[in-house]
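Chemist: Pulled from TrEMBL, these are the listed features:
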- 12-29: transmembrane segment (TRANSMEM)
- 35-52: transmembrane segment (TRANSMEM)
- 64-81: transmembrane segment (TRANSMEM)
- 87-105: transmembrane segment (TRANSMEM)
- 158-179: transmembrane segment (TRANSMEM)
- 199-224: transmembrane segment (TRANSMEM)
- 244-269: transmembrane segment (TRANSMEM)
- 289-308: transmembrane segment (TRANSMEM)
- 320-339: transmembrane segment (TRANSMEM)
- 359-379: transmembrane segment (TRANSMEM)
- 386-403: transmembrane segment (TRANSMEM)
Amino acid sequence: MEVIEGQKREKLLILSALAAGIIFDYLFYGKEFGISYPVYVLVLLGLFWGSMRKTISVNKGFGWFVLVPVFLLAATFAVYSNPVLQLINFLLIPVLLVVHTILAANNNLSWSGLSIIGHMIRRVIPLTFENFPKPFLFIEKQFKSKESGRDMLTVKKIAAGLLICVPVLLIVLPLLSSADMVFNHYLLNFSRIWEYVDIGPAVGHGLIILFVFVYLYGYIWSFYSKPPAIEIEKPAKQFFLDPVTILTVLFVINLVYFFFSIIQFSYLYGGQSHTLPAGFTYAEYARRGFFELVAVAIINLIIQLSSMRYAEKKAQVVNIAVRCCLSLLVFFSLIMLFSAHFKMSLYEEACGLTYLRVFVHYFMCLLFVLFMIALGHAWYRKIPVIKAYIVIALIFYTVLNFINVDKIIARSNIDRYFRTGEIDINYMQTLSYDAIPDMLILANDSNQEISRQVKDYMLLKKQRLSKGAPWQSFNYSRYRAKAALDGDL
């Protein structure tokens, strides 16, 4: 009974994986990403859930939580067209899907430790690859099992009939050729038929379907067979640092940051009221150093976590002093983040907004939240800081995908242009379709050079969008840009 059940399961998986391969080819071959991406994510999840419906665990909360960013990030392929975020999403979504499948199938696996990375690599590469031959071996076995004596007799009879046809055709075909000139023409040119048949696309489709079919089968089948247990090394003796040592390090670092903060408040936030050293201008001083400040803030976060992780518990007074120094470190780190934000804002006012500058601002907001969590963890050790960091980072990144970065950049730079008369049109033309409706206002600008450049760019985009696209490539930002261009150009 179990053997029959196993054969049914394997046959169903082969058919399902093959169907998923055909759908992949239908949705993506020769087409741009669009609504096809979220559709195929649903196909993959349906394949996994259907195949593993008897063993899926619903107790691992994070394994199901990751599906929220998976669905939302997949939807961005049908809504927005930011190339940077689409590239990251293209790489991140499969990783999150692997995390979901592993946690859903293994309720005892911790998702916040480094061990899950090893599980993911083993599952995606060796355990999947070793299953590649299995669908073909199963199919071969099915054919062999059906080759009974009656089947073999039928095959022999067909072969005998074909052999008898050979001499008959050798006599009949020349006679028919002599009787009909058109038939003779097609018969003589039959061998040239392949000159008019392009098998290249068929080979491409076939290879894609084959690879997706084999990989999906191998990946899901790896969950059916229990992999060999990973040898867990006995943990070495826990490494600790004396709190006095940590306290000394934190005291020196905080002292340096204290003097740095005084300078920041005196010269940066005080503007022109304080005289800078010779050779410095306020504009140069204010606009430089934001990346360095962000880097120092990241280092501080690492110091914060390491101090909490490796501090040896000793006298209560010393431990409280360490926590106070850690709190002070967070305070100075927040000053640095604000300084970096202030410097970046001044730089943007002078040079305009770009992808990198928006991402840096957003990353600083994330660092602020992470520091707040670290501060809470310094005084309340039960906070699962690593898990909180992972969840917060996923939430922040998902939200970033939906704030429409290109639209923000376009509006900010256009507003700056109306204030200052300066704009980098060449950079604006690198933005995605999300920015086109806002950029159209520049097509009728009084500056003839800017108006000409924008019109030329919009006409080029209009030509590209007018070519049309299959439904699989539907994207709302492209649709919206096309509607705006059709109405205004």
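Every residue number used here counts from 1 along the chain in the order it is shown.
The backbone N, Cα and C atoms fix where each Cβ goes, and this holds for glycine too.
Any TrEMBL annotation is an automated prediction that lacks curation.
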Chemist: Quick test of the contact rule: Cβ under 8 Å, at least six residues beyond the ends. What residues does that give for the transmembrane segment (35-52)?
Modeler: 9, 12-13, 16-17, 20, 23-24, 27-28, 67, 70-71, 74-75, 77-78, 93, 97, 101, 104-105, 216, 220, 223, 471-475
Chemist: Out of 158-179, 199-224, 289-308, 359-379, 386-403, what stretch is closest in contact terms to the transmembrane segment (64-81), meaning most Cβ pairs under 8 angstroms?
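Modeler: That would be 386-403.
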Chemist: Sort out the residues at least 6 away from either end of the transmembrane segment (199-224), same chain, that have Cβ-Cβ distances under 8 Å to it, and list them.
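Modeler: Residues packing against the transmembrane segment (199-224) from afar: 9-10, 13-14, 17-18, 20-22, 24-25, 29, 44, 47-48, 51-52, 55, 101, 105, 123-124, 127-132, 134-135.
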Chemist: Give residue numbers and ranges for long-range contacts of the transmembrane segment (289-308): same chain, 6 or more residues beyond its ends, CB-CB under 8 A.
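Modeler: 241, 246, 249-250, 253, 322, 326, 329-330, 332-333, 336-337, 339-341, 343-344, 347, 360, 363-364, 367, 370-371, 374, 377-378, 381, 385.
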Chemist: Based on Cβ pairs under 8 Å, which of the stretches 244-269, 320-339, 386-403 lies most in contact with the transmembrane segment (359-379)?
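Modeler: When the Cβ pairs under 8 Å are tallied, 320-339 comes out ahead.
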Chemist: Residues of the same chain, at least six outside the transmembrane segment (386-403), with any C-beta under 8 angstroms of its C-beta?
Modeler: 62, 65-66, 68-69, 72-73, 76, 80, 82, 85, 89, 92, 111-112, 359, 362, 365-366, 369-370, 373
Chemist: Which sequence-distant residues neighbour the transmembrane segment (320-339)? Criterion: at least 6 residues beyond either end, Cβ under 8 Å.
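Modeler: The answer is 243, 246-247, 250-251, 253-254, 257-258, 260-261, 264, 268, 289-290, 293-294, 296-297, 300-301, 303-304, 307-308, 311, 364, 367-368, 371-372, 374-375, 378-379.
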